[in-house]
Amino acid sequence: MADWLIGLIMGAVEGLTEFLPVSSTGHMILTGHLIGFDDERAKVFEVVIQLGSILAVVVIFWKRLWSLVGIGKVTDGPSLNLLHIIIGMIPAGVLGVLFHSTIKEGLFGPGPVVISLVAGGILMIVAEKFSKPSTARTLDEITYKQAFTIGMFQCLALWPGFSRSGSTISGGLLARVSHTAAAEYTFILAVPMMVAASGLDLIKSWDVLSSADITLFVTGFVTAFVVAMLAIVSFLKLLSRVKLTPFAYYRFILAAVFYFFIM
């Protein structure tokens, strides 16, 4: 298969699934297996195109991101600030640094991914069932305690297949944050976390990069960026109506597909 076509397919899958609660890792592994793109080069490629998805968040939330560093206040009164982000980053950041190699070596196989797809789906259903009325209906109403709770749930996303947005939005609901506010906080929180993780992976895999792969990488990056832009905007509109439960059932179906076609 031509490099540009691989880049187009994988970039579209990455952009569509990175910020939806369905596990981008699971979809990337499955898609790579189906099109025969699952070698060492594929692992580096996935890191690069993930940066395209991150750029989409930066573009959509650029005013918010600027306000976090004190440039251009978004709203009067109390608002989301840099400390909210730092607090949310700490739990997963510490675990990620301490267990980066263990996670990469032990949890990226088909078996662990199937388990986390199911477990993540169950968590989402439980969060919907037992969540109480929101005390933080907007991003600016999130407290430091709620930010830390969401950050704790983000630790689950270190297990491939759990889904960052699935685990953090679920944590937000259980902490009495609305669906939309939890999702927006999740996306903003993902920027420093994903940049750090992707940067570390790129440094470790730098010797695998080759100028011969430029078509593959550029096509994948651009496609992931464009599709992620559309996916994020659509998801935020959809989430207030359909909640997390349909995504949970989809995860169960994906786990079954994984079990029969990959394992």
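Glycine residues also receive a Cβ, built from the backbone N, Cα and C atoms like all the rest.
Residues or ranges marked as transmembrane segment by Swiss-Prot: 15-37, 42-62, 79-99, 107-127, 142-162, 183-203, 216-236, 242-262.
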Feature contact check the transmembrane segment (242-262) with the transmembrane segment (142-162), CB under 8 Å, 3 or more pairs: no
For the transmembrane segment (216-236), distant same-chain residues with Cβ under 8 A (at least six beyond the ends): 3-4, 6-8, 10-12, 14-20, 45, 48-53, 55-57, 59-60, 180, 183-184, 187
Among the ranges 42-62, 79-99, 242-262, the one whose Cβ pairs under 8 Å to the transmembrane segment (107-127) are most numerous: 242-262
Result, the transmembrane segment (183-203) in contact with the transmembrane segment (42-62) (3+ CB pairs under 8 Å): yes
Top partner of the transmembrane segment (79-99) among 15-37, 183-203, 242-262 - counted as Cβ pairs under 8 Å: 183-203
